[in-house]
């Protein structure tokens, strides 16, 4: 079956404008929430806390951002807008975000356009009070869920999955409710209707629910806020005798900075309730029968920051193992190993360690260049690359070099980079990629370009690719090698693991969207 050519029209329409960035893949977003269990001295401190956390998650979304906070009433204070966190928030508007709990969001768009109306968190006012939702992911069966919500007489103002989730949570669950809304039951009902794909921060006037989809496809973790006078020993906090001053939830643990301490991941299917009195699990929704866990493997390869923790291991360590595995699968004689900075740094270290070929800096990156976009011709594309990178001639001239990258998506920049190295005097240029080639679309919150744009769907072999870009060789890590590297150091208490490789293999954890009947 040709998966790409049989994509349904509804999925194509939902992805208008996808893949416009030269940078390659983009993640949909990052979520962050915090609740204080004491009355903090400044009534906008939680909002500031959230903004700092969102800046640490800025790599997960740079189109828009927003924060919603609660003072314990049914009217939330909300501010959101287009752009980076530091551009949207300032001293004046943060001062208006008063409250003891709040959630925040930073976004890339996939299922709806990059417009102000789609900024999160989404806030709705129900008969039981205000509800705010921040969402990372994409609902695989959004069309079916949208129809159910609309059939209940609920109006939707956007095409965003996140607004759909927010409105669906206002629906009464099948078993009904006694003495007001049963929010855990409503969340469970949503998760049964839509098992893929999301991590959610759901805020009511006095509590936050942290929710991860039953497949565990999107990441989410918990932390605690320590008092300012807690003791730091060798870079780690000594938490003994210090009661937490609050709780935090984040897409990645890299956002737990200084006075916050990582506790654990939210389990697949887990609903965690965060209140001023503490954190507790209120329910765990298993994946559908005969389905396995499916954590996105590209979180390790590409999306997450290297100091984030997933499944009990640091992302940096996994990337080093990917480089080592790559060296075992595709060795080559060379004088120096280097990386495309900074994405390939850890894998290059691993390749060098495994191969015993010296590690050196082949390219340096211009830190003042922001995102680059698709250029209409090769001349402009080469200028863009030359602006972003320059070769270190001392390490390149007369050398056989191996250049490591974490992934190659369109293949638009690898040719100009090789030209930079050739111009600097490289004798041979071998490209090694620390992940398998992308060949299939993602329906779960990752912005992957179309089939025609994916370089390894255009070419018959890596040999043809190498000839096209004037490399002496190009080789990718195998799918099996990637899975081996990712699982190498996963230890108990992580007893059950499973990883989504759909964009590499076409094997989707819940089946193709048009085949789903949830």
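Cβ atoms are placed via backbone N, Cα and C, with glycine included.
What TrEMBL says about this one:
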DOMAIN    29-277  domain 'Glutamine amidotransferase type-2'
ACT_SITE  29  active site, nucleophile
BINDING   296, 442, 500, 503  [4Fe-4S] cluster binding site
BINDING   343, 405, 406  Mg(2+) binding site
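TrEMBL feature annotations superimposed on the structure.
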| residue | record | Cβ contacts under 8 Å, 6 or more apart |
| --- | --- | --- |
| 29 | active site, nucleophile | 60, 61, 105, 106, 107, 108, 120, 134, 135, 136, 251, 445 |
| 296 | [4Fe-4S] cluster binding site | 217, 218, 219, 303, 444, 446, 499, 500 |
| 343 | Mg(2+) binding site | 302, 405, 406, 407 |
| 442 | [4Fe-4S] cluster binding site | 448, 502, 503 |
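Within 10 Å of the Cβ of residue 405 (Mg(2+) binding site) there are 20 other Cβ atoms, across all protein chains. For the [4Fe-4S] cluster site, the Cβ centre of 296, 442, 500, 503 serves as reference, and the other residues of the chain with Cβ at most 8 Å from it are 217, 297, 298, 444, 446, 501, 502.
Fewest other C-beta atoms within 10 Å: among the binding-site residues 500, 503, that description fits 503. The average pLDDT the prediction assigns to the domain 'Glutamine amidotransferase type-2' (29-277) is 87.
Around the Cβ of residue 406 (Mg(2+) binding site), a 10 Å sphere holds 26 further Cβ atoms from the protein chains shown. Within 8 A of the CB centroid of the Mg(2+) site residues 343, 405, 406, the other residues of that chain are 302, 339, 340, 344, 347, 404, 407, 433, 434.
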